[in-house]
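The next block holds one structure in the form of C-alpha cells; read it before the comments.
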C-alpha cells in the first residue's frame, strides 16, 4: 500500500463531480491506485492516491488553484493520518488539518481567527464540523462539545469573516445523517482588538448558496 505522501486531498469540487471526472483531472500525472470521493453529505471532496509520491507532488503543484467548471480547486497533501482500505475508502472520517486524534486530540496549529458554532446535533464530530467549515477556507483547528457547541479556527482572517457571513444559519449534516441549522459567530479572543463587548455578537446572513463565481486562490499548507 502506498504511503501517506502518495495521497492528496482535492477540495472545492462542483456538486455534480464524479469519480471518473477526478480520474480525468489527475491521470496524466502518474498511476492512480485509489480515488475516494466524498459527495453524499455537504460540499464534495476527494482523496486521490498515487503509486509514486513524486506523482502526487506533481499533481499538487499543477492542480492547486486550477479552475474546473467555475470552481477553483484546492489540491494539497492531507494532514494527520487516515487509514485507507481499498474496499471502502477511509475508515470513519479522515484526520487532517488540525486535530488528528478525535476528541481530545492535540491541535497542530492555532490562530486567533476563531468562530463559535452552536446548534450542532449530538452526533456531530469535529471532523464533520471541519468538513462543513472548509467551504469558507483553510481550517487549522476544530473542536466540538457535548452541549452542541463548537469552535473553528482559520488560517486567514478573511476566511473567518466569510464563514460568519455565509455559513451562519446553514444546514449541517453529521456523519450519522443528523441534520441541524447551525449558528456561526465571530469569537473575540483575549488580547485582540476590540470588535464587540460580547464574544457572541450575532451576525445574520442568508442561507448557504454554492460558491460558483467566488474567485479565490488557495495554496497548500506549508
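Backbone N, Cα and C define each Cβ position, glycine as well.
The feature compositional bias 'Basic and acidic residues' is assigned by TrEMBL to 181-190 (among others).
Marked as compositional bias 'Basic and acidic residues' by TrEMBL: 212-222 (among others).
Here the domain 'RRM' (6-80) is broken down by DSSP into helix, strand and coil counts: 23 helix, 25 strand, 27 coil. Marked as domain 'RRM' by TrEMBL: 6-80 (among others).
Residues or ranges marked as domain 'RRM' in TrEMBL: 113-187 (among others). The average per-residue pLDDT of the prediction over the domain 'RRM' (113-187) is 89, rounded to a whole number.
Per TrEMBL, region 'Disordered' is recorded for 82-110 (among others).
Per TrEMBL, the feature region 'Disordered' maps to 181-222 (among others).
Within the domain 'RRM' (113-187), the DSSP-based counts of helix, strand and coil residues read 21 helix, 28 strand, 26 coil.
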